[in-house]
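Visitor: My questions will all concern the structure given below.
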Amino acid sequence: MVLSCQDVRKTFGPNVVLDGLSLDVGEHEVVALIGASGSGKSTLLRCVNLLTEIDDGTIRLDGEDITDPRADPDAVRQKIGLVFQSYNLFPHMTVLDNITLAPVRVHRRPVAEAREQAREWLQRVGLADKATAYPDRLSGGQQQRVAIVRALVNSPRLLLLDEVTSALDPELVGEVLTMIRDLKGEGMTMVLATHEMGFARQVADRVAFLDKGKVLEEGPPSRVLGDPAEPRTRQFLARIIEAGRL
Amino acid sequence: MILQHHTPSDIQRGRIAYRRKQAIRSVLLAALSTAVLGTLLVVLITGAPGWDRVRASFFDPRIARKYLPAILEGLWLNIRLFVVCAACALALGLLIAILRTLRGPVFFPVRTLATVYTYSFRGLPLIIVIYLFAFGIPGLRLQGTPSVTVLGGAAIVITYGAYLAEVIRSGIESVHPSQVAAARSLGLSYRQAMRHVVLPQAVRRSAPPLLNDTVAMQKDVGLISLAGPIDAIRAAQIGVAQEANFTPYVVAGVLFVLLALPLIGVTDFVTLRAARRQNAGT
């Protein structure tokens, strides 16, 4: 198992956001988290990346307990990539500097080598001409692709994607999804919170439906999305279909 | 998109002609109202019963010429003092702002001291700080006490450092937490995130108010004359005493304004640019 969450609990004041959630992710597996707003998808991803401290339970990365208070969070985060809904690129840095910041400052790699690698990545995702541009010169889709590259140059064991297409104009969603599909082809282990049910069906090996801070139902996308067992899942999907998103 | 040649329609040509007419009208109106107000002011001041005496004691060209060299010489001290004080106050402000954001129990005393410092020196009048430093510290009769100029400069640095620290700290706090989250998610430590992600953005954002405080500092450097060194204001004061005429003060005042103009220009430019960037989208 690359990632293993057991009975994870997280509360914000009186709100129980994660209520004994358990989820396993195997090597090269892509798991899509679906569920209504507030069902705990984003919180779970932030907890896995130790940006949010859990209140109970255990999260293991490659069998190692990363929620142990003696674990070094910086070392753990170097092995986990996280991509945000709102890209969160650093506005005062060029695209190239955004990408090479962690390789140079955290992994202490030579600047020339890090830049070379960044340029290769940009070439691959069709953004070679944007290397010296600042983020505000890029479209949302381009910014998000840069944000994904920024996470990938750390060679993470696990990539977390938090509704990475939710802030994009519809015609820009495709370019980001294509990139994620390519990553799956290369065997990247990924957990993605998403509202794109069609995409979840295509790219995920497994879909987990989160409801009230628990995984209510999980399984192959064709079954969970096509023939859900739980009434709550059926209700959720019916609303999605009603909104024209499936 | 390729810009193609486009002939404006009749409606658009009409709009352009109308706007041009309105623009000319605005310029004429502005010129007229300025002329009226200017004339009124001149008539009011020069027509005042005491104008002749005021002119003689504040605007005497002979006295102005006589004391200009001495005042300029004093101004050179102000300029040097300003450059050194501005650099030191900025460094001190940055240091204090960073100390105030340090987390963890070890840093509690440092945080508290930094907070007490910014609270007290923003409240304390600069004149009192200069008196305390320039007259109090030499009174201790310690070996190697620096000159009053250095002590007065230190008073200015310490007072302005407190203001600049608060400006920078507000800049730090204005950087959205998602920026820190993004930096930490890449494996950067808190210190690295602060240094490479938060501080560069914070300093850029606080550049306009920092420059504004620097403009204020430029003239407050003149308060050093209270401690004794012969700067522009002190030189003017000597002239005032010798001639029983206030013209040297007016000369010094004009020189201070001229000195501040370039920095004020830079401040306006930076503020405008920052505003434009803020509006250019998030």
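Backbone N, Cα and C atoms are what each Cβ position is placed from, and that goes for glycine too.
Sharing the record's features from TrEMBL:
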- B:27-51: transmembrane segment (TRANSMEM)
- B:75-99: transmembrane segment (TRANSMEM)
- B:75-267: domain 'ABC transmembrane type-1' (DOMAIN)
- B:119-137: transmembrane segment (TRANSMEM)
- B:249-270: transmembrane segment (TRANSMEM)
Visitor: When you scan the chain for residues with a C-beta under 8 Å from the transmembrane segment (B:27-51), skipping those not six or more beyond its ends, what do you find?
Guide: none
Visitor: Should anything in the same chain at least six residues away from the transmembrane segment (B:75-99) have a Cβ under 8 Å from its Cβ atoms, list it; otherwise answer none.
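Guide: The answer is 107, 110-111, 113-114, 117-118, 149, 153, 156-158, 160-169, 172, 194, 199, 203, 210, 214, 217-218, 221-222, 224, 229-232, 252, 255-256, 259.
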Visitor: May I ask for the residues of the chain that lie six or more residues beyond the transmembrane segment (B:249-270) and have a Cβ under 8 Å from a Cβ within it?
Guide: 58-59, 64, 67-68, 71-72, 74-75, 78-79, 207-208, 211-212, 214-215, 218-219, 222, 232-233, 235-237, 240
Visitor: Report, as numbers and ranges, every residue of the chain located at least six residues beyond the transmembrane segment (B:119-137) whose Cβ falls under 8 Å of a Cβ in that stretch; write 'none' if there are none.
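Guide: Same-chain residues near the transmembrane segment (B:119-137) but 6 or more away: 145, 148, 151-152, 154-156, 158-159, 161-163, 166, 220, 223-224, 226-228.
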